[in-house]
Amino acid sequence: GYGPDYCSNNNLTDCISDCDGKAECGPNAVDAAHFACPLNVCCSQWGFCGTTDEFCGVRTQPNTNCAAGSSLNRVIGYYEGWAVGQPCDIIQPEELPGGWLSIEPQPHLNDLSFPIVAEAAHDVYAVPASPSDVPLYTRITNLKAINPALRTYISIGGWTFNDPGPTFTTFSNLSSSPAHTMAFVTSLMNFMTQFGFDGVDIDWEYPAAPERGGSPVDTQNFVTLLSQIRAGFDNAGHRDWGITFTAPSSYFYMRNFDIPGMLEYADWVNVMTYDLHGTWDQNDIWIGPYLLAHTNLTEMEQTMQLFWRTGVPSTSVVLGIGFYGRSFTVSNPDCTQPGYYCTFSGGGKPGPCTASSGTLSYAEIMGIIAENDLVGVFDSISGAKYLNWDTNQWVSYDDAQTLALKVNFADQHCLGGIMIWSADQDTPEFDAINSLLGEKVLIQLDAAQVPFQTSILVPNGQNCAPTANCGDLCPNGFVQGKCCQIIYSAHHQVFVCSQRCEWPCLCSRRM
């Protein structure tokens with residue numbers, strides 16, 4: 001602790017700090033500005049911020065127990081643009097399951113193949129990273145020709161964006177002055193117009209974190225950045241363009257986010273409630289090298305408590321779900337139980353397709369299960385599955401059973417949706433997406449649909465909407481035509497209404 005009860009200049013053994021020490025919060029903090037904790041978390045009697053029982057107990061948000069499956073009304077799927085270059089398990093944009101793309105009221109697909117490029121004098125412009133990325137943008141946005149209810153966003157940033165290197169301080173730079181911000185916003189709008197995106201997702205994960213290129217002014221500048229993006233969209237007549245941002249699950253990084261301020265301009269926040277544990281725990285004195293699931297319902301609850309303390313509505317919070325696992329090489333093959341019992345010596349072996357130590361895609365995990373005739377073990381404490389194979393290999397992951405628990409968790413908290421990282425890590429049969437969405441998966445895009453897709457102009461295609469059955473009432477703003485167009489693949493079909501589609505006899509927008 002801090003203050004007169006805990007400090008002494010006499011080197012007494014019962015003293016914890018000297019009298020020059022400053023607390024993180026409370027009356028012994030460095031100044032009045034630090035009296036309260038970030039995110040409205042509690043200050044303990046010892047001068048530390050926290051959310052667990054020893055700090056302040058539990059705060060429950062007012063709305064709980066929404067209808068089953070309500071969180072699936074908004075499903076955001078990230079698509080890793082670089083994954084098309086891996087040696088196997090490649091899922092092309094056109095192969096994504098169309099039933100997911102047919103979710104009402106609004107499905108979303110975030111394309112994460114777009115790193116922004118810093119120019120001289122800290123001006124930052126939205127440009128393709130390479131010419132080879134350009135066709136991918138168009139292929140993503142052209143999916144709206146299959147389902148015009150789909151919204152496609154370009155995602156900027158990522159977990160390595162603030163690693164030491166060319167983009168280490170890019171976000172801090174572009175938000176550091178009105179001129180730099182305006183240069184970025186202008187180029188962003190040009191980019192979105194050129195490729196037909198409907199929104200932007202800002203994935204600035206480490207604002208104000210000095211070890212990740214951050215500055216103390218980043219917290220307020222992030223709010224200003226979102227406000228300027230919103231103003232730019234609105235002033236250009238694009239009030240329907242969306243803005244979202246991602247947020248970490250840990251208090252350590254989330255304390256640098258002004259969540260209420262950011263949600264004044266953003267539509268919702270995508271919370272990364274995965275990667276709760278990984279190889280980085282090995283040298284962490286507070287956690288250690290233990291076999292812990294990277295998705296954990298208990299820790300997800302602690303993350304939600306951070307949001308409720310800021311007073312943001314639960315419908316503005318989207319729960320992140322991982323279509324991959326975190327893998328380890330265990331220290332002792334006879335000790336593979338999850339929790340604070342067994343340890344790891346390093347990351348697991350790289351998968352054949354993702355080729356990254358410490359992670360395995362859902363497709364790779366399913367391949368390991370089939371090849372070794374395994375059955376995943378359910379860990380009731382974390383609400384996750386785990387596997388042990390090849391003597392010393394271990395991975396935690398989610399499957400149909402545990403994905404249902406996550407959806408139920410989101411429903412109980414009345415969250416605004418589910419976010420998938422990432423859709424391209426599923427099996428070719430889309431087992432994970434089918435397990436997550438159940439009956440909402442209506443069709444699967446395949447080669448039989450591609451000619452139909454390419455025959456529709458995207459601007460017209462954006463004015464169409466799907467219905468479950470031919471003859472169903474069309475959504476508000478549409479009128480029922482005399483007949484019904486069927487979009488079909490080799491195995492499935494879905495019916496569509498339109499606004500101004502070139503197809504005859506469809507639901508048309510009331511003019």
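Keep in mind that glycine also has a Cβ here, set from the backbone N, Cα and C atoms.
Of the listed cysteines Cys19, Cys49, TrEMBL assigns the disulfide bond with Cys37 to Cys49. For the disulfide-bonded residues Cys42, Cys49, the largest tally of other C-beta atoms within 10 A is found at Cys49.
Around Cys37 (disulfide bond), the C-beta neighbours below 8 angstroms that are at least 6 residues distant in the chain are Glu24, Cys25, Cys43, Cys49, Arg255. A strand conformation is recorded for Cys42 (disulfide bond) in the three-state DSSP classification.
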